[in-house]
Amino acid sequence: MSTVASVGTEKEGLKLLVTAGPRAQKMVGIWLFGSAAWVFSMVVLGGVTRLTRSGLSMTDWKFTGRLPPLSDEEWLEEFEKYKQSPEYKRVNKGMSIEDFKFIYWMEYAHRMWGRALGVMFALPFSYFLRKGYITLRLGLRLSALFALGAGQGLIGWWMVKSGLEEPATEYVQPRVSPHRLAAHLTSAFVIYSGLFWTALSVVMPEPPAGSLAWVKGAAKVKRLAIPVSLIVGITAISGAFVAGNDAGRAYNTFPKMGDSWIPDDIFDMKPVIRNFFENTSTVQLNHRILATTALISICGLWWATRKLDIHPAIKSLVGSTLGMAALQVTLGVSTLLSYVPVSLGTAHQAGALTLLTLMLLLNHTVRRPSMALLKTLPQVAKTCDRLAL
């Protein structure tokens, strides 16, 4: 049986990503949505691992993984390795082995959950290829995402390794490089976005469109949604630098930063560009400004589209995105004022990905329909269609 269809199947002028009919389309869609959900859980688990300061508990790494310690002797051996790390010497000196087991299990779970995702993705992928369900275009896209996923493990270890090195001075706490943490989180966001967008394209090859008027309205929304999405994405990445610099544990006041609106030391580092990635004050100020800009932009998107003649699903998505943006800002402020508790910090990280999900869904929904569909649409939606929707 054919492994990959050579080209996207044509269906009334529309190129489909999955062949062999609706059942195959549904199966591949469920698998891709499940994979995206798994990546979402990985991001959340990674946030918990970071917030519980568990990420530096395992001082080595193997691509295929290994069994955890199973005896007291093995636990003592792992603990001795950790005792040689800068984090133990400067932060956790005197830690009990029971406390060490907790942070070790957190990091071990995060690593093995990622490896399990690789298996869960690869096996169905091989099956669908063998059955000939997947087109060449989809196969290449998914192969690229799988390669990114494999590389994510290497990026993760590259990040952790930076935290196992001795800090520049004795007054600095050991922590991973904010640049590498941002690369690790951004890579996870890219993989998630790719999987989610592809899953939507498989199960919804055509956007919802009831009339040409609705299509024109969707095009206007798209012109606004794309720049807003970029702002949301940049804000999420800036959050990685906040995490990497532990900037959330500084200036735990709002709306001012301490006693001032803008701290005096935001350009203390040389060259100046370093301040935007390594200066705690500048990094937090940037994130505050970007988050506020994102909220205002989404409010503007809602205001600009509220009277447009658009599909009800698009109206609902814009409203949901506005609500999620307001919730995310509330979570961010609450996390800051509460000195970054694990629960709120994790919810804030999950909220960032949820907001990104809604922006992806909105952009996917306002795509231009195929010419085949456009030819069948009336100028305006029928009254009964409006009422039904």
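For all residues, glycine too, the Cβ spot is worked out from N, Cα and C.
Quantities reported herein were computed from a predicted structural model and do not represent experimental measurements.
For 28-48 (among others), the entry in TrEMBL reads transmembrane segment.
Annotation comment: TrEMBL describes 112-130 (among others) as transmembrane segment.
According to TrEMBL, the transmembrane segment annotation covers 142-160 (among others).
Among the features that TrEMBL reports, transmembrane segment is placed at 180-203 (among others). Residues 17-18, 25-26, 28-29, 32-33, 35-36, 39-40, 42-43, 46, 50, 138, 141-142, 144-145, 148-149, 151-152, 155-156, 158-159, 162, 233, 236-237, 239-241, 243-244, 277, 353, 356-357, 360-361, 364 of the same chain lie 6+ residues outside the transmembrane segment (180-203) yet bring a C-beta within less than 8 angstroms of a C-beta in it.
Here TrEMBL flags 224-244 (among others) as transmembrane segment. Beyond the transmembrane segment (224-244), the same-chain residues lying 6 or more positions past its ends with a Cβ under 8 Å from any Cβ of the stretch are 50, 175-182, 184-186, 189, 276-277, 283-284, 286-287, 290-291, 293-294, 297-298, 300-301, 304-305, 348-349, 352-353, 355-356, 359-360, 362-363, 366.
The feature transmembrane segment is assigned by TrEMBL to 285-305 (among others).
TrEMBL lists 317-340 (among others) with the feature transmembrane segment. If one looks beyond the transmembrane segment (317-340) by at least 6 residues along the same chain, the residues whose Cβ comes under 8 Å of a Cβ in the stretch are 51, 221, 248-249, 251-254, 291-292, 294-295, 298-299, 301-302, 305, 347-348, 351-352, 354-355, 358-359, 361-362, 365.
The annotation transmembrane segment is assigned in TrEMBL to 346-366 (among others). Tertiary proximity for the transmembrane segment (346-366) is limited to same-chain residues at least six positions away from its ends with a CB under 8 Å from its CB atoms, namely 40, 43-44, 47-48, 51, 189, 192-193, 196-197, 200-201, 204, 207-208, 218-219, 221-222, 225-226, 228-229, 232-233, 235-236, 239, 311, 313-314, 317-318, 320-321, 324-325, 327-328, 331-332, 335.
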Given the transmembrane segment (112-130), its same-chain partners at Cβ distance under 8 Å and 6+ residues beyond its ends are 1, 3-4, 24, 27-28, 31, 34-35, 38-39, 41-42, 45, 64-65, 139, 142, 146, 149-150, 152-153, 156
